[in-house]
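Here the structure comes first, spelled out in structure tokens, and everything after it is commentary.
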């Protein structure tokens, strides 16, 4: 079927978008600090460069989401957003000064705002029961990019030549490489992405067509009887005029009352109230989950490298191997959650994830703030803590995104997903700043993170009964396809 073919190609393209976003992060992050040093940048420029990317992303997300809600189109938005990725990465490749490098991350960050439109599209295109499985697959694609990204650095670090006026070396080549990938993605989106109708639109159209055909059949059955009665009583009256008058006469004042006029189509933001939509118990809990889990995750990512260097004398190779193993665990976790989501409610999965995250944070407080033992025993304590933290991430991430898409209005889903991603972007900015400033005081750093997790757990426990989707009719066909 043509529709199914287009849907498969569109889903493949979405997966590719998130794969490339993961590759970009994994390719640029390992070399940006030394790149800044070659441009004589101050140490704080590293934090500025990483935060700039998240800052413009969190600002662009709601704008692109609002655009997609109004137009119900995402292809043009993706093509437009990718232009910022292309330009930003080329600016990163040029590397004329530290200010140009900072500006490049600001420009490239705007392109990540298209993610809000994509999540809005996925919400409208999938049934609520199967939504978590789709989100898990998409997030696994990004994690796959984070996993394979470092592999590209193996050959990028060998680059040493000139391209016109620009030098291509191990620091500038990641920008050129990502510029090429995003240009390639433009072609893929152009030829393999379709703005498909929302879930259930085709079924509704088929039902309406069937009803119209049935009504026309009934009218045709009645026509001979009506015409015969009229001819017998009023032989001089034209029956066709009498029969067509109610259907085609434009002069009837109420003739089209029940038919919606295209000119009267209302905006998805008609009678929209941000306070009524987002200041609800369940929405506040889910946005808090987005912020707290990403804040803790990025804070722990920031502290891991200094700790491995301090306690185990890890270098680049050991850290890369550790991140590779964590990536494999996360990808396996996403697919495990995808399987679980077909069998258990989102709030159950979210609760399990929060329990794991709490256990992980308690473990770090007990064994890392004041290390006990040394050598293999200390390494085992560290590995167990990291394993638990990484294990809980897919549970919380998938469940809160899926639930958020169900408790917020579908017609403004693009803007809502943009808001959610902005909250996450704020967390990814503040998390590293918090951890970086308290790396020598782990009790304070981890204590506050434990307090935030405890607060979130209490909030979820109090609001547990509200963390369900509204009672609506759903299309179970999509659910079976997604879970299959």
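Using the three backbone atoms N, Cα and C, a Cβ is placed for every residue, glycine included.
TrEMBL: automatically predicted annotations, no manual curation.
Marked as domain 'Major facilitator superfamily (MFS) profile' by TrEMBL: 10-465. Summarising the annotation, TrEMBL assigns region 'Disordered' to 204-225. Among the features that TrEMBL reports, transmembrane segment is placed at 12-32, 44-64, 76-93, 99-122, 134-155, 175-194, 283-300, 320-341, 348-368, 374-397, 418-436, 442-464.
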Open item on the list: Below 8 angstroms Cβ to Cβ, which residues of this chain, lying six or more residues outside the transmembrane segment (320-341), approach it?
Closed with: 132-133, 136-137, 139-140, 143-144, 146-147, 150, 304, 308, 314, 349, 386-387, 390-391, 393-395, 398-399, 402, 483
TODO: State, in range form, which of 44-64, 76-93, 134-155, 348-368, 442-464 has the highest count of Cβ pairs under 8 Å to the transmembrane segment (175-194).
DONE: 76-93
Open item on the list: Under 8 Å for C-beta pairs, could you tell me which stretch among 44-64, 76-93, 134-155, 442-464 has the largest tally with the transmembrane segment (374-397)?
Closed with: 134-155
Task: Mean per-residue pLDDT computed across the domain 'Major facilitator superfamily (MFS) profile' (10-465) - done: 79
